[in-house]
Amino acid sequence: MKTLFVTIISLLAVTSSLRAQKCKDLLVSVQNENYEQVKSLLKTVNPNCAYDGQIQPRTPLGMAASNGNLEIGKLLFEKGAKASYRYKRDASALMIAAQRGDYNFSKYLIEKGAKVNRKVDGDGTPLMSAVSGGNKAIIALLLELGADPNAEVEGDGNAIMMAGKYDQLEILNLLLAHSGDIDKETVGDGTALIHAAARGNMTMVKALVSLGADVEKSSDRDGNPLIMAAKYGHLDVVRFLVDSGADVNVHVPGDETPLIGAAWNGHLDVVTFLVEKGADINKTVRDSYSILSERRNAIKMAKSAGHEEVVGYLISKGAK
């Protein structure tokens with residue numbers, strides 16, 4: 001009985017190895033855009049296979065999308081390829097085509113059943129892929145077919161945030177024209193304005209505010225625009241946000257105030273500006289939601305980080 005079991009396991013291993021090799025051969029043929037060889041291999045190889053090796057993308061359809069070879073893509077569908085099939089760590093074929101800017105391949109995949117709002121952790125959505133590639137024609141196509149500009153994927157943000165990240169103002173306007181929410185909050189990323197403020201992207205900060213972004217909008221674990229700009233020392237952004245009505249004493253539970261963040265990170269110019277604008281120099285807040293968490297203020301955090309110039313300035317202004 002034990003011998004039979006071992007034999008069965010061995011046969012399964014051999015079969016799996018042969019299947020993997022055949023899939024690899026198909027992937028290489030698609031990668032090399034060898035139509036006739038692909039056609040021959042598809043007589044015995046499932047087009048919905050995946051090869052877990054160094055070749056990427058790991059599926060034939062994903063590879064065809066990566067190459068932009070629509071002729072091979074159509075051949076794969078003729079032999080049973082599914083638009084939704086992807087390897088677990090890969091983007092979908094539609095995401096790949098959208099990011100590349102391949103309009104015809106993207107349109108064909110959608111016609112074959114690819115979902116325009118499909119979410120993939122680590123890759124986002126097809127719309128986000130198109131935005132990252134700056135491909136306006138594909139973005140317009142996806143939006144017309146029902147892509148949600150507010151759809152979020154944790155850790156990847158949303159399409160509006162991505163447009164801000166890549167300084168794509170025209171695309172941002174296109175998304176907003178299709179019911180995009182400029183203040184949409186995404187877990188772990190905040191809002192488009194928070195994201196732009198944290199990066200010190202003054203051009204996009206101004207654009208977002210001019211389009212109606214809320215300078216006071218906060219986000220759990222991500223503060224608000226002024227808190228993030230102060231934390232990372234972006235004085236020009238801090239000044240603009242304050243001039244636009246941002247509260248210098250704002251506190252978001254689980255985060256610091258703008259002054260505490262600036263002091264903790266040693267940004268004397270930002271600290272000075274905030275104090276001159278009325279920031280409460282002795283304001284103390286909890287570092288989390290718990291009543292047992294540490295109480296922090298500007299001078300305490302500046303001392304803990306060894307920022308002597310900041311400490312000296314705060315003391316001169318009455319910090320205790």
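Backbone N, Cα and C atoms are what each Cβ position is placed from, and that goes for glycine too.
Per TrEMBL, these features apply:
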- 56-88: repeat 'ANK' (REPEAT)
- 89-121: repeat 'ANK' (REPEAT)
- 122-154: repeat 'ANK' (REPEAT)
- 188-220: repeat 'ANK' (REPEAT)
- 221-253: repeat 'ANK' (REPEAT)
- 254-286: repeat 'ANK' (REPEAT)
Query raised in the report: When you scan the chain for residues with a C-beta under 8 Å from the repeat 'ANK' (188-220), skipping those not six or more beyond its ends, what do you find?
Result: 152, 154-158, 160-161, 163-165, 167, 169, 172-173, 176, 182, 226-229, 231-234, 236-237, 240-241, 244-247, 250, 252, 254
Report summary line: Outside the repeat 'ANK' (89-121), at least 6 residues beyond either end, the same-chain residues with a Cβ under 8 Å of its Cβ set are 56-59, 61-62, 64-66, 68, 70, 73-74, 77, 82-83, 127, 129-130, 132-135, 137-138, 141-142, 145-148, 151, 153-156
Query raised in the report: Excluding the flanking five residues on each side, which residues at least 6 beyond the ends of the repeat 'ANK' (56-88) place their CB within less than 8 Å of a CB in that stretch?
Result: 23, 26-27, 30-31, 33, 35, 38-39, 42, 46-50, 94, 96-97, 100, 102, 104-105, 108-110, 112-115, 118, 120
Report summary line: Tertiary contacts of the repeat 'ANK' (254-286), defined by C-beta under 8 angstroms and 6+ residue spacing from its ends, are 220-223, 226-235, 238-239, 242, 248, 293-299, 301-302, 304-305, 307, 309-310, 313-314, 317-320
